[in-house]
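Taking it in order: structure first as structure tokens, then the write-up.
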Amino acid sequence: MAVRDNWFTENEVMWPGQAMSLKVEEVLFEGRSKFQDILVFRSSTYGTVLVLDGVIQLTERDEHAYQEMIAQLPLHSHPNPQSVLIVGGGDGGVCRHPDVASVTMCEIDELVCDVAKKYLSHSTATAFDDPRVHADAAEYVKDKCDAYDLVIVDSSDPIGPAETLFTSSFYSCLRKAMRPGAIMCNQGECIWLHLPLIADCLRSCHEIFPSVDYAYTTIPTYPSGQIGFLLCSTAAGAVLRRPLREPTPEMQAQLKYYSPAAHAAAFILPRFAEETVAAVRKPPMPYACTSGAPPLLTRSSLALAAVGAYVNVPLVTTARAALCKQMGALFLTQWRAHRHVCENFSPWRNATECTGMRFYHWGALAGFIGLLDAGFYQRPRQAAADFTIT
Ligand code: SPD
């Protein structure tokens, strides 16, 4: 029994040794569907709470931290989303977000929708007017081809009915259902608790999608106060961390968590998670933006150096060498002008010639630095700027 002495305590199978508890004012619904246990209660400080199989799915107080981000991150990374598929999300919290021509929601458990309509109708379950609820998400998307601009997988945790939604065969089905340039955003568990699982999922995504990244949000009632998102695009080179559009002022006024700045910040990971994600992120981040060690010799760094050399050697080094020649010549001229004064001081002549030679050497060094500058520094910096919003 999850509620004891007016306290609900979360099931801890996936996060052993820790548990979230909320004080219960009133149990509103308790039952079992074909798939899972469902509990709804009114808490004393977090509003109405929905619990599936002993795990908190949403509370009215902090649901926006998750539902806004899982919907708005992909929505604002796509230039023009028209058609959205939501897998799961039976509580209705996500499907009220996409303001697009068509939203299809496929939730495996109809009772979750019914309970949400009854107990969450004033907060999250406000967009159920025309829902198309399908029996099984994995089965449903199997038949689809090139149908969606966005796919949002708002699932519960992978122990239970949502297990298939974390597999590579499911990601492959989704990939087929997505249009060119479409974006998928999946509930991506918690970096503090599930890094190996996240790494597995990201590796599967890496095999299937040409662009892959990971973001997270903070939310007090999910385990460890955090939950992440796997974001993948069917387009190569898609930079998902940079919003392509800003919310309209009216939309921004309704959002409590999402903003373009929160979008960009959501992808900045602590170092221990960055190391895992950096290994599979596509396109890879320039090392200037990551906390990982810069790779010394990669194919791309060699290619950049070659381009830098090609651009710099003829332009910079010849220009600098020409300048150095002039300065060397100036010294020699000066020396000749003063020759009659210091004709017995041969060291002067040698010194002057040496100075000229030194300028040649400095010219060569400057050219080399120019090469490094353009090949290894400026170009990654430019690429870094592409990943940053200003
Ligand atoms: N550990 C809980 C993860 C729950 C994620 N899904 C929540 C569904 C809310 N619409």
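Using N, Cα and C of the backbone, Cβ positions are placed for all residues, glycine too.
The annotation domain 'PABS' is assigned in TrEMBL to 5-234. What TrEMBL records for Asp154 is active site, proton acceptor.
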Task: Around the Cβ of Asp154 (active site, proton acceptor), the count of other Cβ atoms that are within 10 Å - done: 25
Open item on the list: Across the domain 'PABS' (5-234), what does the mean pLDDT come to, as a whole number?
Closed with: 93
Task: Mapped DSSP class for Asp154 (active site, proton acceptor), helix or strand or coil - done: strand
